[in-house]
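Trainee: Straight from TrEMBL, here's the annotation block:
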DOMAIN    47-164  domain 'P-type ATPase A'
TRANSMEM  212-235  transmembrane segment
TRANSMEM  266-285  transmembrane segment
ACT_SITE  Asp331  active site, 4-aspartylphosphate intermediate
BINDING   Asp331, Thr333, Asp744, Asp748  Mg(2+) binding site
BINDING   Asp331, Lys332, Thr333, Glu454, Phe495, Lys518, Arg549, Thr629, Gly630, Asp631, Arg717, Lys723, Asn747, Asp748  ATP binding site
DOMAIN    770-1023  domain 'P-type ATPase C-terminal'
TRANSMEM  834-854  transmembrane segment
TRANSMEM  884-906  transmembrane segment
TRANSMEM  918-942  transmembrane segment
TRANSMEM  954-977  transmembrane segment
TRANSMEM  983-1009  transmembrane segment
Amino acid sequence: MERIVLLDSFRRYFGSQISLKLTCHILNEGYEDWLRHNSDNEVNGAPVYVVRSGGLVKTRSKNIRVGDIVRIAKDEIFPADLVLLSSDRLDGSCHVTTASLDGETNLKTHVAVPETAVLQTVASLDTLIAVIECQQPEADLYRFMGRMIITQQMEEIVRPLGPESLLLRGARLKNTKEIFGVAIYTGMETKMALNYKSKSQKRSAVEKSMNTFLIIYLIILISEAIISTILKYTWEAEEKWDEPWYNQKTEHQRNSSKILRFISDFLAFLVLYNFIIPISLYVTVEMQKFLGSFFIGWDLDLYHEESGQKAQVNTSDLNEELGQVEYVFTDKTGTLTENEMQFRECSINGIKYQEINGRLVSEGPTPDSSEGSLSYLNSLSHLNNLSHLTTSSFRTSPENETELIKEHNLFFKAVSLCHTVQISNVQTDGIGDGPWQSNFAPSQLEYYASSPDEKALVEAAARIGIVFVGNSEETMEVKTLGKLERYKLLHILEFDSDRRRMSVIVQAPSGEKLLFAKGAESSILPKCVGGEIEKTRIHVDEFALKGLRTLCMAYKQLTSKEYEEIDRRLFEARTALQQREEKLADVFQFIEKDLILLGATAVEDRLQDRVRETIEALRMAGIKVWVLTGDKHETAVSVSLSCGHFHRTMNILELINQKSDSECAEQLRQLARRITEDHVIQHGLVVDGTSLSLALREHEKLFMEVCRNCSAVLCCRMAPLQKAKVIRLIKISPEKPITLAVGDGANDVSMIQEAHVGIGIMGKEGRQAARNSDYAIARFKFLSKLLFVHGHYYYIRIATLVQYFFYKNVCFITPQFLYQFYCLFSQQTLYDSVYLTLYNICFTSLPILIYSLLEQHIDPHVLQSKPTLYRDISKNRQLSIKTFLYWTILGFSHAFIFFFGSYFLIGKDISLLGNGQMFGNWTFGTLVFTVMVITVTVKMALETHFWTWINHLVTWGSIVFYFIFSLFYGGILWPFLGSQNMYFVFIQLLSSGSAWFAIIIMVVTCLFLDIVKKVFDRQLHPTNTEKAQMYSNTVALSDEFIALQPLSRARNQLSKLRWKKIRVQSAQHMNLLKASTEGRTVGTC
């Protein structure tokens, strides 16, 4: 009979727990699947128009087949990978943005082949006879090779197809009325589909600790079951207990196998004690993570007013991991800096200039100058008037003055022509009329560039006087001093990461053909045979030391014979179906040589607000910061020094320009010796991409030894995959540290996904990084609040939740184990089956859940102002074996007090009931259960530092609910219950004054020692956290942290804000400015 009751309790408990857990998972997954289903239907069912039978037919995007000619209108998304046939422009060009694919928000130009560009109507396209041959589908977004064979008048014309002809699915048409394209890849063969990869499952350190603790408790469970089974058979070895007169065995039981009976009894004890495994822990943890993640989005301190962006949580499984970070890997451009490029300086023919108010200021003596003071070079519009060039401005001859103007003219024409910048059509109307100085200001133009550098350079040239107007058919239009010049664009040699430069070949209005090249100094200077190479190299290094981004400009005049050879080679390489990229690289090398150096440009990417303070706070918190960037060595070092990543007093070690494995190994050994021998507290390491590849090839251990002894590491000239490799190298190191990666561009996605925690910056390089990250913030400075406050809170909350769950389940099931010694190990349950089911579901679940959502053991202002407190929770200290054993032993000790306290106080006292009856089995179990519910609930109250009305409601309400439920459950004969062992038991128990006295004595006894321990530890050996708790009690809560407060308290704080009178610099004006929280309400949090 006992086994039937026990199995029924087991079925109810596990059924309810597993049902609840499965329900949570099903609802969550179902909701996400429903959203994905709607999103898929929206994409696959989007209406599109295809050309069929000489007309446009409306269909759905999922019905597009390879070979269909599709019409796309402005601002529509391409439903498949298309080869551009024609557009509303005569040259067959169009503009697209690929922000949803690679995160780049710039406009990109795509062009159709000349033979199809003229087919701008449906009727003309219906007559097109052509065959497209292309490679098999592949995931590379920037690689495409094919050719189009067009049949015209019985003649076949072959045209090469490259990335410039391919319109990718997911991209959007911009600044073009409509285009026609032929589908070549559809469905799962499109590049977007091939690039789709589900995120790898990331597991937090807390989850791993939970699994370890579960294994320990599983061992305890099995041990208790084995002990109970052995003792049962030891007890039954005596004949009088094997078959007592009141419990005779059946014939089947006497003849059954002893082994089978042993196994059956062992399994029965497993079922009896299985409640020690906290299955409801997973349900509570999942609810805590999901609900707790909303607090990040509600935090007003993580809201960026300028862009209107709030923090985003893309996964809630890693909230507590924010409190365990040991390494931070960050990108530089757009993450530490604003990614807003501003032209600052340039070097033209060996002379350095600064831009001041739209004019170039030369630094040092100009040619033939007799004075070394600064000479001011006016904008080219002023230079055009030679009367401005007096001896007070330049002490040069007229010939030199004219030559100087030509040099500057050619330099800025190279800047205005060598790029892929685009201009919106509506903003170029009327630009060609009138002189530029009087009729047009460059601020009227809105440029779209593939990189912020290009945009800054073209805008700077416009301010100087050479304005890029835009593209018209196959020409590039430039206004020089109000005069419109048209350059025929012959060829574009696209930028690639191997050459690290780009070039254009144009035909000037005079008919001469010119090659303009732009790129990094390491790729341009070796190709130059003329110009001020050494002076420019010195100036580039000086620019880099200031933290400026540099590019070199060069040109070459081509003869007709040279151009014919170049045109022939380019055509052959671009039409090749085999090894096209290698052939193009060879042709580019052939073209880009014997250049004349024009000069160099320097643009500034200024630091974001509070970057230095954030990095210093991370260092104080014991977090090592690595900067991974693609910038050159000098620029990266300069920015690292300016942002506080490197200190001036830090010993900077370098591992750069290594050519071989042996050379790299020797350099690493030297660095290791220097670290050991130098008596310097902090070291910094600089590594470039080439040297890093050599170090990771065969010398990982030596490289890691050097890195671990450095406070800061800077990796420059890094490829995206190298960033991910570095993070993986740290992750798999013996210490297994928790890593965090933060970046803003598509090139940072690999490292964001590789790190334990990925943070995306919602910057100006698109949203690819933010979409692929675990968390997204608007600025790098928000990282300190995210880690030191939210990370600290989440970790403490969930660590306490996990330990508390194991504690209260030990308290719950240990009396059941002890009770078997008094019932001859008959598997009789101590508690009623309803109590077994509701203990973890109703009676003790809400206090710990609310604690895990609202607890603030330290004021958030103190946490952020004292980053060293972050060290107290690092390396998963709150879930260490020592802490785990403390909670487990505490649970066992409380369980012993529950059981033996009840047994010795009232177990055999006949005076407890007025009728002289003793307490029965269910009364005794109910007493133990009552003491247990009160004790574990009050224990949770003792752990709570931050009390709100919600905490009070669920804590004391849980105890009240238990009493009310027990009164109703045991005070009424419920007709739907087959048996009701608890009828009148609880009422009878509460009617005894001795029972009330015993309850109070046992609760106080359980918690007294725990309270004494806490008091003595806090007074005699306080930790840094406990000191901060005492300090925080004296700190007034700032309105900066209202977002983290309960709603009632937040409203109270907001109501106290008043208009503040702010003194401005001008004594004549006084403004009434509202506090920074104006417009923010709790309802909008």
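Note: Cβ is positioned from N, Cα and C throughout, glycine not excepted.
Automatic, uncurated: that is what TrEMBL annotation is.
Help me understand the surroundings of these features in the structure.
Mentor: All protein chains considered, the CB of Asp331 (active site, 4-aspartylphosphate intermediate) has 28 other CB atoms within 10 Å.
Long-range Cβ neighbours of Asp748 (Mg(2+) binding site) (same chain, at least 6 residues apart, Cβ-Cβ under 8 Å): Asp331, Thr335, Pro720, Lys723, Ala741, Gly760, Ala769.
Around Gly630 (ATP binding site), taking its Cβ as the centre, 21 other Cβ atoms fall within 10 Å, counting all chains.
Distant neighbours of the transmembrane segment (834-854): 9, 12-13, 16-17, 20, 275, 278-280, 284, 287-288, 291-292, 797-798, 800-801, 804-805, 808-809, 812, 926, 929, 933, 936-937, 940-941, 943-944, 946, 948, 950-951, 954-955, 957-958, 961-962, 965, 969, 982, 1046; these residues of the same chain sit at least 6 beyond its ends, with a Cβ under 8 Å from one of its Cβ atoms.
Cβ atoms under 8 Å from those of the transmembrane segment (884-906) belong to residues 213, 216, 803-804, 806-815, 818-819, 912, 919, 924, 927-928, 931-932, 935-936, 992, 994-995, 998, 1001-1002, 1005-1006, 1010 of the same chain, restricted to positions at least 6 beyond its ends.
The list of residues near the transmembrane segment (918-942) in space but at least 6 beyond its ends in sequence, with Cβ under 8 angstroms from a Cβ of it, reads 804, 807-808, 811-812, 815, 819, 828-832, 835, 839, 843-844, 847-848, 851, 894-895, 898-899, 901-903, 906-910, 912, 955, 958-959, 962, 966, 981-982, 985-986, 988-989, 995, 998-999, 1002-1003, 1006-1007, 1010-1011, 1014.
Through the fold, the transmembrane segment (954-977) approaches residues 834, 838, 842-844, 846-847, 849-850, 926, 930, 933-934, 937, 940-941, 944, 983-987 of its own chain, all at least 6 residues removed from its boundaries and within a Cβ separation under 8 Å.
Within the same chain, residues 893-894, 897-898, 901-902, 905-906, 909, 911-914, 919-920, 922-923, 926-927, 930-931, 934-935, 938-939, 942, 966-967, 969-971, 973 sit at least 6 positions outside the transmembrane segment (983-1009) and bring their C-beta atoms closer than 8 Å to a C-beta of that stretch.
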Trainee: Long-range neighbours only, meaning 6 or more apart in sequence with Cβ under 8 Å: which ones does Phe495 (ATP binding site) have?
Mentor: Arg501, Met502, Gly519
Trainee: A 10 Å Cβ contact count, applied to the binding-site residues Arg549, Arg717: which residue has the minimum?
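Mentor: Each of the binding-site residues Arg549, Arg717 was scored; lowest Cβ tally within 10 Å is Arg717.
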Trainee: If you count, for each of the binding-site residues Thr333, Asp744, the other Cβ atoms lying within 10 Å of its Cβ, which residue has the minimum?
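Mentor: Across Thr333, Asp744, these binding-site residues, the one with fewest Cβ atoms within 10 Å is Thr333.
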Trainee: Measuring Cα to Cα, how far is Thr333 (Mg(2+) binding site) from Arg549 (ATP binding site) in Å?
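Mentor: Their Cα atoms are separated by 10 Å.
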Trainee: Rounded to the nearest angstrom, how far is the Cα of Asp744 (Mg(2+) binding site) from the Cα of Arg549 (ATP binding site)?
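Mentor: Taking the Cα atoms only, Arg549 (ATP binding site) lies 18 Å from Asp744 (Mg(2+) binding site).
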Trainee: Please give the average pLDDT for the domain 'P-type ATPase C-terminal' (770-1023) in this predicted model.
Mentor: 87
Trainee: Report, in whole Å, the straight Cα-to-Cα distance of Gly630 (ATP binding site) from Asp744 (Mg(2+) binding site).
Mentor: 13
Trainee: What is the three-state DSSP composition of the domain 'P-type ATPase A' (47-164), stated as helix, strand and coil residue counts?
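Mentor: Output for the domain 'P-type ATPase A' (47-164) reads 18 helix, 58 strand, 42 coil.
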